[in-house]
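Chemist: Mind looking over this structure? Questions follow.
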Amino acid sequence: MGNILRRCWPNRGIKPSMRTVVPNHTVDPAIDIKNKLHPNFGYKDNAIKTTRYTILTFFPKNLFEQFHRFANIYFIFVVALNWIPQVNAFAKEVAALPVLFVLAVTAAKDAFEDFRRYRSDKQINSRTCRIFSRSEQRYVKVEWSKVTPGDFIHLSCNEIIPADILFIRSSDAQGICHIETSNIDGESNLKQRQVVEGLAQISETEDLVPTMFPYSVEIEQPNIEIYSFRGFVKMESETCTLRNNNLLQRGCVIRNTDYIEGMVVYAGAETKAMLNNKGPRHKISKLESKINRDVIWCVILLLFLCFFCAIGSGIWLDSYDLKDNTNLVPFISFTDQDQYNPLYQGFIVFWTYIIIFQSVIPLPLYVSVELVKLGQIYFIMQDIEMYDAEKDKPMECRALNITEDLGQIEYIFSDKTGTLTENRMEFKSCTVGGVNYHHMPYEEISQSDFDSYLSMAGLSRSSSIVENLQLDPALEREISNMCLRSLESIDVSIPEHVRNVQEFFLLMAICNTVVVSYLHSDNMDDSGFVPNLDMPKSDFKLPPAHNKIVSGTVSSLSVSDCSDHMSEGSVTGSSFLSDGSQKMHYEAESPDELALVKAANTYGCKLLKRSPGKVKVLLPGQAEEAEFEVLNVLPFDANRKRMSVIVRHPTSREIILYVKGADSCIMNVLHKKYEENEEYKRQLESTKEYLESYALRGLRTLCMAKRVLPEKEYLEWAAEFKKAEDNIDNRDELVSQSCAVIERDLELLGGTGIEDKLQEGVPQTIANLRKAGIKVWVLTGDKQETAIQIAYACQLFSSDQHPLTINANSKEETREKLDEALAFLRSEVAPPTDERTLSRSMISLLSRSATSLRSIRHGNNALVIDGPTLNFATNPELEKRFLKICMNCQSVVCCRATPIQKAVLVKLVRDKLKKLTLSIGDGANDVSMIQTADIGVGISGQEGMQAVMASDFAISKFKFLERLLLVHGHWNHERLARFAAIMFYKSLLSVFVLFWFQFFSGFSGSLMIDSLYLTMQHVIFTAAPPLAIGIFDKDLSAETLLSEPILYRPGQRGDLYTQWTFLVVTLDSIYQSLIIYFFPHLAYLNNSIDIWEFGTTIDVCMILCILLHMSIETNSWVWIQWGSVVLSFFLFWSFLLISNAVFFTFDHPSNPYWVMENTIASASHSLIVVLTCFVSLLPRLVFRSLQISLWPNEIGVARQIEKQREQETEQESSHPTDTNSQTTDNSCMTYADPNQQPVYQPHYPRHSHPGFINRGFQNDWIETIELKPQPQPNSHKAV
């Protein structure tokens, strides 16, 4: 059938890979863009609409979406059943009230969210920009929503780009502009964009108007790839290839450029920014899966109760042999003689009981869970302790439904650079020509020496480019010697080593994409008019700028700020220059590049200006600038792990390839002389040794190399490279292959060591996470030595650990080394890392316990493995061995790991070990790892926001992860677990109370409680307290949770909501329901009380028991929790009193008039209520008391200690004493610093589990290693 359809409609459903956009001024003005005859017909306009509903579609569409939930369909089905006369149990209108209430609450929430989106859309769509008007022959102001593909647009400095624009003209003579992309990828540093190559002659025309551009543009279909843009411009004689640097994306801001002009190619919903604007990610948490499992048990219980009552009804009816007079059957009325059939009656009653027992599945459960999670997310984001004041960035929640999973994390996979470190690089050491240059500490440099050097280099102490660089005296002398020679003599008389030094620093200055920022302004006003200026364009020079910058990055500007500060535009051929803006600042996409350029600048090799085809530098001691022609820039990619530039030397006119990259990649493409010539061999070995020493100091290493290219070879290669760049379908792969062809036979210049300091609080955070039972893995692309040193520095490795190093070059070698590692682990046992001793106060608490706290016994080992070995270790044949080793190691470091390998490791642990995983990173290379993990955390750092955009939670510093997991993770998991148990409890309680009554009503489906009260019980009377518990309750303070990370483990083990929780709740509900029903039943047994008064008494007992039960389960009381309980009781009591007093003409099967008033007037009512509530809640009170006093878990012990400390604090405050004359017993407190307050540090008894690690591990295919005691060595074990 599919083949027939494809033959009949060959183009049906197939979207072409390319689209054509023509300039709108070339189309007949009579043809509107909405007309099918218009070439740009069908393309989206620039109006954005993120709303889901309209006024007309809201109710039907919202209801349709809500009915996708099984629970809502179930309750609508129950409401429909109640409209069938034979099975109805409640009043028809009353039965629909709970469902309507839940649907209304959900609809109100959705409407509020959609209204916020509507207001945001309206604000954005009403912004203005200037587009070219063919009728007026000038640029006119229009709203963003009226911009369409094919329009020509004029933008000024600091103006936000309204759509994706093909860059055609710039005020800059070199045809470039700078943009800030923080609204797209979060990067605040400036990016450089270039006019389409081939349109330079047109763009340089001073009186250029859009009508001079009649060419159509062939581009790819809209997609989410923000770093990719392919297409071409069809001109008369040639075709111009389009690249990513020709596209100005919506949401970016024009910086340091007077003005730009271009043609809109994507608008509105088709822009890359809008295509990447995805909503919150939807995931199912581990706890929510358990709740769904228990909902299934509720369904099973519902069916059981209904079948039981249906059978009971049939037996009841069958026990009466009165077919001739069916009116004598108690509790059952017949409208037809034929209805006297036990099977028929059982079938009818079954559906009646579906209606009566419907609340066994908590109606407000799912909407309440959503509200609880929204509240939890709000308070996480409002936590001031996770707010970064320096960056002005709060914590951000991007996934709305997995907050409780933060309390059950077992494995953390972390990137290193920018995640554990600051990603603010500082140049520390270098080796040139096999000679190491030691950089002394900054403070050891004499004032006179440094001042003389700054004078020689042409720098001042106030220069923003001079960093706290540790100058090397020997290197400084070499540079000073270079300053005595002119640039022309560089290839003639200078010794080879000195020439290498100069080439080394020249490479650092020009082999990069660093931009020197400038400030510009536009003279065109907002309406498109240009004042006449006398000075022509050629008389103006591009000035330096004074942007706000910190460590080489431009401060970000919000969207609202940009829209309010649009510069008064530019003119064709004229521009304003700001006075007093002679400072020079560097903007870099990579912190490594910024560190190298600043180091070169400080040593006197100054990058002055960069344009698409040229780069200007000032060499030490030179008065004139040296201008290098940039022939090609070969960008960095993950496969080559290097970037290169090809330049033409200004004096020798040689074509030189400068390369920098990872040492492993540079060393493999060096010239053969480094293998054949002894001198070059020694130079290579010395360089390797120095780079190794840098890595052992924890420095990031890079290698620098060059190659002089023969003219003929370069021209041949350049032609092939141009073909690769022009290829649209497979451009990236072909460009990478072409780069590898020219990057060979390199001459090694040297290497650098750059320090990337650890972020504040990283060691303490990792140490506490490990104490919490979380295994931390660091996955990095750095050298092995660097990774190991960082692991020790951040306390991932401790001094008494056994780092097992596994490096192999083949699958068989990997197998052998994995077996050796397993044998080593089986041969020894390490002492538990978390063994503790009990303080006196805790001994007194635990001495009465039936059980004691146990510490999990972990192997005190660590693993180091490199990327190539990892490829073999994750092979299906070896992954079991590899996982066995990892399971028995506290920490794992994977170095030289690629992004794909990171994701494979996370998936391996997640799927094979069935553990809850968290990945955290800050760069684009961490996206795969973040998306693979159960929870992804992005760090908004120096490498953009790609990791944040792919994450579930975003933080700005790694140390915030400790509070996110140990505090909010624990709180949210404990709250939701308690909330779910309470929701099931109160639903089951009401069902079982009604169930017991059926034994005394002939299983007829009769009720003793007013149906109106039953329907409002869960959605009104008892709805607020569970929400308050789920959002505000705290079992422990944040201070205690942070000081005692071991308290995270109960949630991690799943102890707070187990497979037995639902069973315990069910049994508790059965017991309480028995007391609630039978106490009033027996009390009123020989009384002439009305059935509705009897039911009212039971209802009052039930509501009070539920509220008191929730009060018992509350850990901490705040005014909202008090208010929720009091308000619930007040609503219930006042509703019953008012409704019973007013509804005397209420058309209802059970008229409630004055029932409540008569009931409470009886003295026995109050006694029954008090006695019933006391007896029903007594077991829970006793259980909680015994649990706290006799067998407390970790949390229970900590709560007792907290209470004791609070009491001691209150006593001290009420009875102040002289601290000098009185000493207190602080045996359970330690002082990290004499000036700090004492911090309680409880200790736990020495117990160990029979296994090694992974308590309760369920995977049969991986055995737990049983370790035998053996003295542990302190040496580093290399396998």
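Keep in mind that glycine also has a Cβ here, set from the backbone N, Cα and C atoms.
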Chemist: From 67-87, 886-906, 1012-1032, which range did TrEMBL mark with transmembrane segment?
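Modeler: Checked against TrEMBL: transmembrane segment maps to 1012-1032.
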Chemist: Are there residues at least six beyond either end of the transmembrane segment (295-317) with Cβ under 8 Å to its Cβ atoms? List them, or say none.
Modeler: 71, 329, 332, 340, 342-343, 345-347, 349-350, 353-354, 357-358, 360-362, 365, 984, 987-988, 991, 995, 998-999, 1002-1005, 1062, 1066
Chemist: With Cβ-Cβ distances below 8 Å as the criterion, list the same-chain residues six or more beyond the ends of the transmembrane segment (1060-1079) that contact it, or say none.
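Modeler: For the transmembrane segment (1060-1079), the far contacts come to 294, 297, 301, 977, 981, 984-985, 988-989, 992-993, 995-997, 1098, 1101-1102, 1105, 1109, 1168, 1171-1172, 1175-1177, 1179-1180.
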Chemist: What number of additional C-beta atoms lies within 10 angstroms of the C-beta atom of Gly781 (ATP binding site)?
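Modeler: Gly781 (ATP binding site) is surrounded by 22 other Cβ atoms within 10 Å.
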Chemist: Rank the binding-site residues Arg700, Arg896 by the number of other Cβ atoms within 10 Å of each Cβ and report the first-ranked residue.
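Modeler: Comparing the binding-site residues Arg700, Arg896, the most crowded Cβ belongs to Arg700.
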Chemist: Which range out of 343-367, 979-1000, 1012-1032, 1091-1110, 1122-1143 gives the transmembrane segment (1163-1183) the most CB pairs under 8 Å?
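Modeler: Maximum Cβ contact count belongs to 1091-1110.
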Chemist: Ranking 343-367, 979-1000, 1091-1110, 1122-1143 by Cβ pairs under 8 Å to the transmembrane segment (1012-1032), which is first?
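Modeler: Counting Cβ pairs under 8 Å, the winner is 1122-1143.
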Chemist: Looking only at DSSP and grouping its letters into three states, which state does Asn925 (ATP binding site) belong to?
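Modeler: Looking at the DSSP assignment, Asn925 (ATP binding site) belongs to a helix.
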Chemist: Can you check which residues sit near Thr417 (ATP binding site), meaning Cβ under 8 Å from its Cβ, same chain, 6 or more apart in sequence, and list them in order?
Modeler: Asn423, Arg700, Asp756, Thr780, Gly781, Asp782, Asp922, Gly923
Chemist: Expressed to the nearest Å, what is the distance separating Arg896 (ATP binding site) and Asp926 (Mg(2+) binding site) at their Cα atoms?
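Modeler: With the alpha carbons as reference points, the distance is 14 Å.
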Chemist: Whole-number answer please: how many Å between the C-alpha atoms of Asp415 (ATP binding site) and Asp926 (Mg(2+) binding site)?
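Modeler: One finds 7 Å between the Cα atoms of these residues.
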Chemist: Under 8 Å between C-beta atoms and at least six residues away from its ends: which parts of the chain pack against the transmembrane segment (343-367)?
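Modeler: Residues packing against the transmembrane segment (343-367) from afar: 69, 71, 74-75, 78, 81-82, 84, 86-90, 95, 98-99, 102, 105-106, 291, 295, 298-299, 301-302, 305-307, 309-311, 313-314, 317, 332, 980, 983-984, 986-988, 990-991, 994-995, 1003-1005, 1007, 1014, 1017-1019, 1023.
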